[in-house]
Amino acid sequence: MAVPGSFPLLVEGSWGPDPPKNLNTKLQMYFQSPKRSGGGECEVRQDPRSPSRFLVFFYPEDVRQKVLERKNHELVWQGKGTFKLTVQLPATPDEIDHVFEEELLTKESKTKEDVKEPDVSEELDTKLPLDGGLDKMEDIPEECENISSLVAFENLKANVTDIMLILLVENISGLSNDDFQVEIIRDFDVAVVTFQKHIDTIRFVDDCTKHHSIKQLQLSPRLLEVTNTIRVENLPPGADDYSLKLFFENPYNGGGRVANVEYFPEESSALIEFFDRKVLDTIMATKLDFNKMPLSVFPYYASLGTALYGKEKPLIKLPAPFEESLDLPLWKFLQKKNHLIEEINDEMRRCHCELTWSQLSGKVTIRPAATLVNEGRPRIKTWQADTSTTLSSIRSKYKVNPIKVDPTMWDTIKNDVKDDRILIEFDTLKEMVILAGKSEDVQSIEVQVRELIESTTQKIKREEQSLKEKMIISPGRYFLLCHSSLLDHLLTECPEIEICYDRVTQHLCLKGPSADVYKAKCEIQEKVYTMAQKNIQVSPEIFQFLQQVNWKEFSKCLFIAQKILALYELEGTTVLLTSCSSEALLEAEKQMLSALNYKRIEVENKEVLHGKKWKGLTHNLLKKQNSSPNTVIINELTSETTAEVIITGCVKEVNETYKLLFNFVEQNMKIERLVEVKPSLVIDYLKTEKKLFWPKIKKVNVQVSFNPENKQKGILLTGSKTEVLKAVDIVKQVWDSVCVKSVHTDKPGAKQFFQDKARFYQSEIKRLFGCYIELQENEVMKEGGSPAGQKCFSRTVLAPGVVLIVQQGDLARLPVDVVVNASNEDLKHYGGLAAALSKAAGPELQADCDQIVKREGRLLPGNATISKAGKLPYHHVIHAVGPRWSGYEAPRCVYLLRRAVQLSLCLAEKYKYRSIAIPAISSGVFGFPLGRCVETIVSAIKENFQFKKDGHCLKEIYLVDVSEKTVEAFAEAVKTVFKATLPDTAAPPGLPPAAAGPGKTSWEKGSLVSPGGLQMLLVKEGVQNAKTDVVVNSVPLDLVLSRGPLSKSLLEKAGPELQEELDTVGQGVAVSMGTVLKTSSWNLDCRYVLHVVAPEWRNGSTSSLKIMEDIIRECMEITESLSLKSIAFPAIGTGNLGFPKNIFAELIISEVFKFSSKNQLKTLQEVHFLLHPSDHENIQAFSDEFARRANGNLVSDKIPKAKDTQGFYGTVSSPDSGVYEMKIGSIIFQVASGDITKEEADVIVNSTSNSFNLKAGVSKAILECAGQNVERECSQQAQQRKNDYIITGGGFLRCKNIIHVIGGNDVKSSVSSVLQECEKKNYSSICLPAIGTGNAKQHPDKVAEAIIDAIEDFVQKGSAQSVKKVKVVIFLPQVLDVFYANMKKREGTQLSSQQSVMSKLASFLGFSKQSPQKKNHLVLEKKTESATFRVCGENVTCVEYAISWLQDLIEKEQCPYTSEDECIKDFDEKEYQELNELQKKLNINISLDHKRPLIKVLGISRDVMQARDEIEAMIKRVRLAKEQESRADCISEFIEWQYNDNNTSHCFNKMTNLKLEDARREKKKTVDVKINHRHYTVNLNTYTATDTKGHSLSVQRLTKSKVDIPAHWSDMKQQNFCVVELLPSDPEYNTVASKFNQTCSHFRIEKIERIQNPDLWNSYQAKKKTMDAKNGQTMNEKQLFHGTDAGSVPHVNRNGFNRSYAGKNAVAYGKGTYFAVNANYSANDTYSRPDANGRKHVYYVRVLTGIYTHGNHSLIVPPSKNPQNPTDLYDTVTDNVHHPSLFVAFYDYQAYPEYLITFRK
């Protein structure tokens, strides 16, 4: 029957009718594999009726279903091939039952069949792998089945290896090692041999027993019993005996009846014993899973006590960790003793375990160590028990013992029972002390604790019965009590009393029986109260000594040792003496004053204090004198210039020490004495010429140095003090014997002349006269100048007495006290400026810097430090570390640079230096942009000096660099930063700035001094910080200080008391505009505050100005009456009250000037104008006013000044939106957009019609707002008017009168009338519309010009006395723009001068091209070069001879040059600048005479010759320019070029006109010109001008009316010029020839040519027309001769006789062009020079001789006819007025070259 609960499948395969042997096993393995077949647990049975078929029984049905669902099944059998399997459900259940029946039958007979030996192939098939267990061997006889195939070798030694056993078995059995397995079990000292092939194991054992090797190895072989027990391992949790029994009895698992189950849960294993041994074969071959956990099954042999694992290693499971608990105190104890824990850990490791100590509780976790695996299974089983036993043994060495103790008792004794050997802990809840530690320690300490408890208990009882008292006694008084016998006496009388002293609380504690305590307290108090004290003054040196010694020890030495019961203590700066009695106090004072002393030793050379000898001496002295206690101290003061040693202490020791140290210093100190010898020339003379003196000095060990480095010029003597002083006297005697004289010369070039051959001249003077000579340089920089060779760019006054100088020069050679070096953080001077300074300074500078870094660390950017200067000529060098530039951190870089500069200035101030030089820090390798760098440095300097009111030691700050680019950047930065100030002009080196002229106000930056001596200072700071005697404050009428920003800032600093006092002062006073109240200053830095009620501006009303003037004057009067020195005014009224800032600045300064001039001031010296640094407008206004007055622009007492034309038109400003304002003379002129009817003024002007009743535009608005009364008044006055205007009342408008003018009339005339009318009525303000721009339709530009012109005329005539302000109110914004443009056009200009008719005429005639005023501005700089020579010699005679020789030499070298030329008059700014440059670069002096005109040059010959060439080139250039200008004038007379712009034609200027005409005549296609300052190209073909942007203008050429060309001229064929040769038959030829031949008949005429030059002809005729008109009936024209050379002919033909020919061949009668009456004069070879072919040329010329007079050689223009009228000149000059033979013409176009005669001899 079928297996219950199984699900069968029928399997057929491709193996045929005779299936292979063991196929059953292969199929079972295949279908058991889920991976190969999809199956699982199953059983395979062969169908007995059909051996080729098999039935597979699956237990879970779903497993069978999976096998069915898999389509292909293949069984791969190695060596036999692959078999295809077919699976299907069985046909009927009977078929299955039949299989089981057949199996039972075959089972019984199976062992009887096939007894014969199987063949080899069959034997191989029966072998199964060891790890799957062993199948029973086939074909084994039944009687052998109970004989074991396993042999055990017991008593296995450790030295027997598995190889040895295998070899033994092979030798004894004769089998190969493939036929058996050897398994060594070291835990039991046994090895088991399992035979794979059937042998006679009994015989094998017997053979082994006899084998000699077995005997030698002492092995005990025996036949291992056949077992029916298995060991099952890897059991899952939850298994038990019953479930295991059921599992292994299940046939599905291959099991059978179980005899016994022994389960080992801790090992997850069990022993299963079966009744039937054969079951083992099935189970061992079956793969078992228990609760889805795969099981490991091994045969178990009881005789061995273990299972056989075969090739598998036994699964050894280590025991689980377990915990042990320690007593908590013991655990705490061990936690504090790490070494004990380590000892326990080490001991437990021997038990193969590891301990983990809990950090929170007394738990110890014990885990098996990895080494336990090697100890074997028996040891593993007993591991936990063994470990617990060992730990218990260790724990027994320690003890925890509690002791019952009261908490109060414990607090008392706990500090006495501390012992590090054990843990002592108090349990508050249990009131027990717990002792934990090693047993012996705990027992020992327990005894001590119990004894301490007992003794303490008794002590507490005694204390409860005793008394404790505290007394406050100072340490000093306690010191005296201790040294008196009182305390010892008390302790003797009262032995039970305790006396102790707490120095911290200064309490003296008495403890003991109450009677004893009270007695002791009374006696101590009595003693303390009788003590006496006294403060005495001692010197600072002695006080310092007492500070350094211990007062107790020194009091014992000073007082107690002398039996004086006293002590000293330091109290503040005095010494407090305390004694037990007044008598002892007197003795103590006497003792202190007599026993202590100090002495000083001045040390000139500090180096002596740094030597080892000095250090050793002072050390030994201090050691000797201060053995105990200290009796002397030695202080070395080396920070000052001269060092000092102070010895302080006990008199005897001080005297001894002083004597020794003084002698040492005198004997070892070297000193220097510099004998300053001036001039330095004397030093050279003494050094060379007085050689006999120096060896005498050197014999006494005094070193002599001439002109030592880094010191003043002189002779330095170095040596011992006595010898040096003697040597100084010798040097002075020698010096006095020398004669020195200086000679000064102002000959130009003298200095350079000497310098060129200085060595030669010096050697000659020495050879000839025995003297020394030198050129005296500026040794000391004069005020305003700079050192020699260093260029000063600017000077700016920073503060009174402090100047900022920008100068180009070498930072290592400057006349300053200290310089700033741009350094890096490490003060390593590797490159750039730092390297240059370091090289000049020598190694001392770098060494000192290294010490600074070592001492103070690296310097961070933004810091500065100071070091020695080494060999540099400075006291110190300041090293400033600037930042490295980063664009991302620019603000930080600027901050750091600013900080570095300011710290450098602070260091200079700290060391009391007067001058400092600063370079462009960080601008080099640190990459700081130069512009940003210099601006930051200048700003930092400005802040340091201008915003700090404290006094400054620094008086000169130099900004220096060798690079001109850097210095220029510095100068520009100074100009920018100080733009509101007027810097001094940079004076040339060595020259002081010009002093202010008499009557002018002296001016420094922010400073003015009035003629009366009152100083005015411009101070930029808040009013609350003012430090003057008096401060002025602006307050409202209610006197509330918190309402205004000015008074509020004062109130905040002064405190509320200021308001309270002001209220008190104001009571009973009628406060109104102009009231001045005086109060105290309270917390302010001044002495008094003057509170003023300032007026509102009210458009500049007279009353407001008057009140403000009265306020200012009264404040100064109060200051003077209080006998105070200074007063400070803020810009009162310029804020909410509306005073314009520039008007207030002018008003207050004017009032101060007036007050100073009218009063004899006794005490008032300074008036400060306080301006907040952020109030830039007020600062600018005051700075402008300061600068204006400093320039001599002093105004009168009144604010306006009519006649001052300096800067007649002021600058245009915009005080409010839509308002523009400027000064016109003394009048404030405003234009504003708005409604005129809302304005407030003395007069409002109405622009109306002829009938004065216009009801349109502005007139309508004015009449309607003014009211009906004004209209009626207009009607009445219109009928009776005598002028073009009428005056009515103001009506409802805010004015006194309305002046009605006619808008269509002349606007300038109308405004002038209004101004005059207002002046008559003393009105100060006028408001008018843009007259005529409405219905009269006048152009706004013309109206604006007319109004401004009217005001200008009014002011210029001096009429403006009352009128202060004129305001134009405009309705239309475009009209406002026109007015603004007109104001800007006149901004900053002066009055225009009017040109007279005569001057215009003179200009036309060529007398003058420029006004003389302009030339007066061109002044040739006066060069005052001088040289001073210093001569040194033996006596006066030698020196004077040498001076005379030098003067003669210089005089001979001087070379003069003179040039007299008319063109010198035409020199303009360019020529003057060139002349000035010549003076600068050459050793010459140039003087200029404008009248002659004449240039004189004086200097050394080579420079004079160079100047001559350049001056003559200048004259030639000017002459050519004038010729061009003359041509331009000529051309412009009849040709005019114009361009058209916006349909308006504009003329080109005359030079451009000439340029265009020349280009046209030269037939150029294009020419470049300028139109309105833009470049245009004119196309002469299309007549268009095009600019660079393509914008085009049309151009045209106009021909003016001109003189007709002579009719006899030949056709010029559109040429501008031609020469026509005349035929001898022409009448013209004959006429000219006959005239020539009258005096030149001996010459042969080759040809006569007519010159046809229309331009020259027109110019000549125009000049003739003018002369004819001027001279009336005079015959103005003559035909004369003029001889010339061939080279001049082309020029004359084209240009005529212009000024370039003036004086060319003669100057006897003037420097003009000469024309002769007779031809023979001109034909002379002097004038008509023959060419190479012998041809000569003479012109027959038309000359305008006009009215003439006698000439002379000095004339460059004709003389005047009348001395009273210098512009009315003669036309020409002649040699003889009555019989002239020649004429001299001076002007262009005064002659026309009509005919050219070519002839030869």
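Backbone N, Cα and C define each Cβ position, glycine as well.
The glycoprotein 1 site recorded in Swiss-Prot includes Asn824, Leu833, Ser922, Ser923, Gly924, Val925, Phe926, and the single candidate from Asp756, Asp848, Asp850, Asp961 that the record places there is Asp961. Of the residues Ser33, Ser1010, Ser1214, Swiss-Prot records the annotation phosphoserine for Ser33. Cross-referencing Val1258, Val1363 against the glycoprotein 3 binding annotation in Swiss-Prot, which names Asp1235, Ile1236, Ser1247, Gly1332, Thr1333, Gly1334, Asn1335, Ala1336, Phe1371, picks out Val1258.
Among the stretches 791-978, 1003-1190, 1605-1801, the one making the largest number of Cβ pairs under 8 Å with the domain 'Macro 3' (1216-1387) is 1003-1190. Neighbour density for Ser33 (phosphoserine): within 10 A of its CB lie 13 other CB atoms from the protein chains shown. The secondary structure of Gly1332 (glycoprotein 3 binding site), as reduced to three states from DSSP, is coil rather than helix or strand. Non-local neighbourhood of Ser1047 (glycoprotein 2 binding site): Asn1033, Ser1034, Val1035, Leu1041, His1091, each in the same chain, at least six residues away, with C-beta under 8 Å from its C-beta.
Listed binding-site residues: Gly924, Gly1332; maximum Cβ neighbour count within 10 Å falls on Gly1332. Ranked by CA distance from Ser1247 (glycoprotein 3 binding site), the binding-site residues Gly924, Thr1134, Glu1177 have Thr1134 at the top as the closest. Asp1235 (glycoprotein 3 binding site) carries neither a helix nor a strand DSSP state and counts as coil. In the structure shown, the C-beta of Asp961 has more C-beta neighbours within 10 angstroms than that of any other entry among the binding-site residues Asp961, Glu1177, Asp1235.
Annotation for Asn824 (glycoprotein 1 binding site): spatial neighbours Tyr830, Ala834, Val881, criterion Cβ-Cβ under 8 Å with sequence separation of six or more. The two recorded residues, Asp961 (glycoprotein 1 binding site) and Asp1235 (glycoprotein 3 binding site), have Cα atoms 60 Å apart. When the Cα positions of Asn824, Leu833, Ser922, Ser923, Gly924, Val925, Phe926, Asp961 are compared pair by pair, the longest gap among these glycoprotein 1-binding residues is 18 Å. If you count neighbouring Cβ atoms within 10 Å for each of the binding-site residues Leu833, Val925, Ala1336, the highest count belongs to Leu833. Ranking the binding-site residues Ser922, Phe926, Asn1136, Asp1175 by how many other Cβ atoms lie within 10 angstroms of each Cβ puts Asn1136 at the bottom. Take the binding-site residues Ser923, Thr1134, Ser1247: by the count of other Cβ atoms within 10 Å of each Cβ, the lowest one is Thr1134. Mapped onto three states, the DSSP output places Ser1247 (glycoprotein 3 binding site) in strand. The local packing around Val1023 (glycoprotein 2 binding site), expressed as other Cβ atoms within 10 Å of its Cβ over all shown chains, amounts to 28.
Between the listed binding-site residues, namely Ser1034, Ser1049, the fewest other CB atoms within 10 angstroms of a CB are found at Ser1049.
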